[in-house]
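Below is one structure, written out as structure tokens, with a few remarks after it.
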Amino acid sequence: MENWPTPSELVNTGFQSVLSQGNKKPQNRKEKEEKVEKRSNSDSKENRETKLNGPGENVSEDEAQSSNQRKRANKHKWVPLHLDVVRSESQERPGSRNSSRCQPEANKPTHNNRRNDTRSWKRDREKRDDQDDVSSVRSEGGNIRGSFRGRGRGRGRGRGRGRGNPRLNFDYSYGYQEHGERTDQPFQTELNTSMMYYYDDGTGVQVYPVEEALLKEYIKRQIEYYFSVENLERDFFLRGKMDEQGFLPISLIAGFQRVQALTTNLNLILEALKDSTEVEIVDEKMRKKIEPEKWPIPGPPPRSVPPTDFSQLIDCPEFVPGQAFCSHTESAPNSPRIGSPLSPKKNSETSILQAMSRGLSTSLPDLDSEPWIEVKKRHQPAPVKLRESVSVPEGSLNQLCSSEEPEQEELDFLFDEEIEQIGRKNTFTDWSDNDSDYEIDDQDLNKILIVTQTPPYVKKHPGGDRTGTHMSRAKITSELAKVINDGLYYYEQDLWMEEDENKHTAIKQEVENFKKLNLISKEQFENLTPELPFEPNQEVPVAPSQSRQGGVQGVLHIPKKDLTDELAQKLFDVSEITSAAMVHSLPTAVPESPRIHPTRTPKTPRTPRLQDPNKTPRFYPVVKEPKAIDVKSPRKRKTRHSTNPPLECHVGWVMDSRDRGPGTSSVSTSNASPSEGAPLAGSYGCTPHSFPKFQHPSHELLKENGFTQQVYHKYRRRCLSERKRLGIGQSQEMNTLFRFWSFFLRDHFNKKMYEEFRQLAWEDAKENYRYGLECLFRFYSYGLEKKFRREIFQDFQEETKKDYESGQLYGLEKFWAYLKYSQSKTQSIDPKLQEYLCSFKRLEDFRVDPPISDEFGRKRHSSTSGEESNRHRLPPNSSTKPPNAAKPTSTSELQVPINSPRRNISPESSDNSH
């Protein structure tokens with residue numbers, strides 16, 4: 001048996017075969033095994049054989065070969081298959097054994113095989129160390145043998161050597177070259193126009209050499225596709241960029257990604273389109289040759305913004321000046337859009353394009369890549385009070401409203417008590433202060449309940465106390481007045497909630513009844529639910545039997561839970577059944593049904609707290625104390641400064657939830673305590689009734705001070721009857737009604753009530769009783785300052801002229817004060833009134849000092865009024881009192897602090913200050 005050839009002989013034989021045939025593939029199995037053996041940690045072939053045979057053994061080379069022969073006797077010999085190589089030398093894989101060793105070892109001698117093997121192994125190892133990243137990517141096995149096979153592990157069991165998609169070749173993707181073939185010159189994409197570049201494949205830039213003629217053909221076909229009928233019918237982006245003649249700038253087309261993948265040279269694009277039959281080029285612009293003017297989409301016309309007078313908008317925090325529209329054309333569609341805001345039409349167009357599929361428009365840039373711009377809306381400021389707002393001319397106001405876009409309301413953070421109050425506001429569906437706009441309907445007048453103080457002398461002197469030596473009936477401080485005002489708010493809310501709670505209580509009772517077993521007749525059942533389709537399993541018929549009570553045949557009906565809810569909603573027209581809201585008036589023994597719907601906001605015990613200042617007051621206290629009149633001191637010519645001043649009373653009001661007109665007089669007593677239920681069991685007739693018990697400290701306060709409530713139309717009828725019975729100027733209740741009108745109409749104007757107020761005031765004035773007329777002038781002065789009405793202002797001027805021409809100064813004083821303190825400065829004043837006002841430059845000019853016997857020159861009367869204090873008429877920059885100002889005179893001790901140095905129009909002070 002002859003000896004096997006040595007590995008060096010096999011290597012030299014393989015090299016000769018490869019060089020002769022031009023093949024660089026591996027030749028035999030021995031060379032492969034040698035490559036595996038060289039990856040060991042030994043430095044030479046002797047060390048490897050020493051480790052295989054064991055340490056300390058000294059064997060010959062022939063024995064080692066015979067040992068290897070015995071081990072490999074059963075293995076088949078590899079037969080090399082020579083294939084022609086089609087790719088160039090520069091594209092050979094550097095990790096391949098043949099490519100790295102064939103050329104350097106071809107000219108070396110065949111002797112000294114071990115030294116050659118060692119040098120070759122070291123060179124391969126150095127290359128692998130320098131190319132760690134390449135080796136790590138090539139194969140899972142970590143060896144170079146199976147780097148690009150389907151399976152790279154095992155000894156020679158790979159399936160192919162470097163076959164497959166060339167894009168998967170790591171060296172090829174990165175343009176890897178041998179050490180001797182590397183160049184230091186970087187690759188310039190812009191200068192090489194005969195290359196096509198493909199991006200974003202996960203490994204880097206792919207470069208494919210293409211002939212210039214073929215590249216021009218690609219460019220021509222791509223751009224002709226953009227201008228084809230098929231693409232233009234759906235490419236609205238491209239058509240929107242066209243001008244009226246259908247031209248597009250070449251820079252726009254060259255900026256598309258598919259064109260950039262072919263070339264970035266504009267000259268090459270122009271050369272490629274010279275012979276085009278679809279596209280023509282004129283002055284670095286291109287368009288479709290056939291019917292080019294058919295495709296452009298006209299853009300929106302430029303928006304013209306009228307000039308804005310910014311001097312009128314200094315105090316308007318919400319005004320944001322607009323910007324004129326200017327068209328913006330981008331040279332690169334992929335760049336972020338930075339410029340003027342788009343028009344509404346372009347915004348809608350952009351949203352449509354974003355919703356389109358990317359396949360519909362090949363020239364459409366990536367709209368999703370644009371950065372989002374967050375626009376934060378400014379918080380809307382709180383509404384400013386009318387007396388503190390600066391008047392703006394109507395023209396500027398209209399211009400301001402037209403220039404601003406409507407803004408949606410934002411949800412702000414709320415505290416628990418604010419959430420509670422919002423829940424209460426939801427119950428006021430028929431009437432609200434904020435929705436009234438200082439107006440009230442005639443129908444709502446029937447819902448007003450007047451709150452007055454029952455005079456103690458009525459029982460002893462039904463005709464009234466005309467002596468003028470009465471004592472103060474109610475000593476109320478300013479804090480208690482606020483508590484009463486808050487209590488009337490809460491009482492009004494109870495009235496509105498009472499109806500809802502009663503309705504829910506009735507519904508719950510009916511629902512509980514339906515959950516019980518009730519014996520009813522068939523006719524009654526059909527009348528109750530004529531439209532509900534009942535299934536057989538929802539009824540349990542029983543045998544006909546005679547009822548003990550009426551002898552009527554009955555049907556025992558057991559409805560289900562969901563049917564009960566549906567039946568309750570159908571019978572009582574209720575969309576929500578809330579058990580927690582109905583439990584307030586149910587006995588404690590009645591079990592509460594399972595909760596079906598979410599409960600409403602539970603009502604908490606009400607405590608005195610500051611109300612919203614924008615709400616109109618409900619209580620008008622008297623703020624003057626009686627004072628002896630000094631007949632020698634200068635004083636105004638008014639009824640309060642007479643020898644027998646009037647007796648003024650506190651008055652308030654609440655808005656009931658039900659219409660209590662002349663035809664409806666029944667009163668619910670569900671909230672009244674047992675001791676107070678008797679007075680309320682009847683009707684709100686001419687006799688006042690005490691308040692029902694409600695959860696607020698002011699309840700006891702109202703009860704202790706003798707406050708009662710009465711329907712407005714009945715209280716008015718009682719006052720008119722007393723005025724007719726006692727005579728003009730002799731009715732104390734009529735004076736209280738005058739005072740109520742003066743306050744109430746300022747916040748809730750009603751034409752019918754105002755005309756009656758004006759008529760009765762002048763009827764009393766003709767009889768030399770001027771209290772009603774003075775209340776009317778106070779309404780004019782303070783009411784117009786709060787809410788200006790042109791027709792009321794004209795009446796104010798007429799009444800003032802009439803009053804001044806009759807020898808009185810009170811009307812002219814109120815008109816002078818209105819002109820001084822009102823924010824409206826544009827109204828036209830009657831020339832006669834201007835002439836009358838020339839003699840009065842300050843408030844002290846209205847003080848006269850006539851003899852007390854000749855002060856009025858007419859019959860004394862006791863119906864006088866409390867007036868507004870001089871301190872409320874001072875300008876904002878004044879802090880001094882007019883000299884010898886009269887102190888307040890009334891029947892109550894109620895001192896209300898001044899909120900601001902400006903003229904105060906609060907009800908606690910305005911009616912009783914001058």
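Any Cβ shown, glycine's included, is placed from N, Cα and C.
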From Ser340, Ser673, the annotation phosphoserine in Swiss-Prot is attached to Ser340
Record (Swiss-Prot) lists phosphoserine for one of Ser8, Ser402, Ser436, namely Ser436
Swiss-Prot lists as phosphothreonine, out of Thr350, Thr427, Thr588, residue Thr427
If one consults Swiss-Prot for phosphoserine across Ser432, Ser828, Ser910, the residue flagged is Ser432
In Swiss-Prot, the phosphoserine annotation, restricted to Ser343, Ser633, falls on Ser343
Taking every residue in the domain 'HTH La-type RNA-binding' (209-299), the average pLDDT works out to 88
Counted with DSSP (H/G/I as helix, E/B as strand, rest coil), the domain 'HTH La-type RNA-binding' (209-299) has 45 helix, 11 strand, 35 coil
Thr454 (phosphothreonine), Cβ-centred 10 Å count of other Cβ atoms over all protein chains shown, is 15
